[in-house]
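Now, the feature entries from Swiss-Prot:
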BINDING   G10, T11, S12, L13, D14, G15, L16, D17  ATP binding site
Amino acid sequence: MALYIGVMSGTSLDGLDIALIEQSSAINLVATHYIPMPDTLRAELLGLCAGGPDEIARSAIAQQNWVKLAAQGIHTLLEQQQLKPEAIRAIGSHGQTIRHEPARGFTVQIGNPALLTELTGITVVSDFRSRDVAAGGQGAPLVPAFHEALFEERTGNRAVLNVGGFSNLSLIEPNKPVAGFDCGPGNVLMDAWIHQQRGENYDRNGQWAASGKVEPTLLKALLSDPFFVTQGPKSTGREVFNLPWLEQQLSCLPGFAAENVQATLLELTALTIVESLQSAQSNTEELLVCGGGAHNVTLMKRLADLLPNAKVASTATHGVDPDWVEAMAFAWLAHCCLEGIAANRPSVTGAKGLRVLGAIYPN
């Protein structure tokens, strides 16, 4: 039995998820801690994702601030659990993605793991995506292997859907290698639109989207992006889908009510998930949803409507808190790295083979 901490800061940039897991014959979530992202740091990270002048210095400063926030949260979690740093075998730190371009052979997550080791007194494993990209893979999604480890004992055809800033699927079917891929925007466009229009960070329960109606011409324009017809393995990010991308689509069309745009963005998320399942020829009997999207009542209902032959439910129905799956995954990936266990899945990322992921910063 060993204890690991996972730190995840996703594309939504709402905050840092910190999860403590116990790794033995099973994976158990022990405790969690969440730190909201300060507005100034969030704005700077968003700016780095978009690109601009003096990126090297700006990214160096931003990652120092990110690491200090992460270390603060880790110490708080340890204090709450009355644990000393020596009790933790390693921290799996994803860092913050500021650029993901596997077609050009690189992916960049900032997070200064050396400083995180110094500030916590705990070995840190980070840079999980680069090895898969170096092996010709997409470097994403990485969570399907973890989903497989969590749910491999279950029977039937199951898909695990993570809806964070972007949505990705893991297909777990008996006697088949796990499959997985990014579907497209999850919450990223809905969050950006409601923030621009109403100053809110997200659409609680999808209520604003539910107040509008889908605009077919806008939906058709959004779905015309080449990503949606690209065959997997594939991954995407803010480099492709962002507020300027949405505004460009809107500029070519007549004006729409703001709530109708939100409704259409939710429909885009739901449709691209379902079409991804269909293109994979998946006979999904159960769709388990995690990430922030699991709390979007309107999205969950729409997925259920579009998948009448599948049970659509939160991972909570299987005892796995939907808010902490990704942070748990990076704690588990740290375990895999230290044990020399390959944690990518070529059937998911397209890499040339199995690879041990992560770089180790020993305490």
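Keep in mind that glycine also has a Cβ here, set from the backbone N, Cα and C atoms.
Recorded features from Swiss-Prot, shown on the structure.
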residue: G10; record: ATP binding site; Cβ within 10 Å: 23
residue: T11; record: ATP binding site; Cβ within 10 Å: 22
residue: S12; record: ATP binding site; Cβ within 10 Å: 19
residue: L13; record: ATP binding site; Cβ within 10 Å: 21
residue: D14; record: ATP binding site; Cβ within 10 Å: 19
residue: G15; record: ATP binding site; Cβ within 10 Å: 17
residue: L16; record: ATP binding site; Cβ within 10 Å: 24
residue: D17; record: ATP binding site; Cβ within 10 Å: 23
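One way to see the shell of the ATP site is to take the Cβ centroid of G10, T11, S12, L13, D14, G15, L16, D17; the remaining same-chain residues with a Cβ within 8 Å of it are M8, S9, M37, G164, G165.
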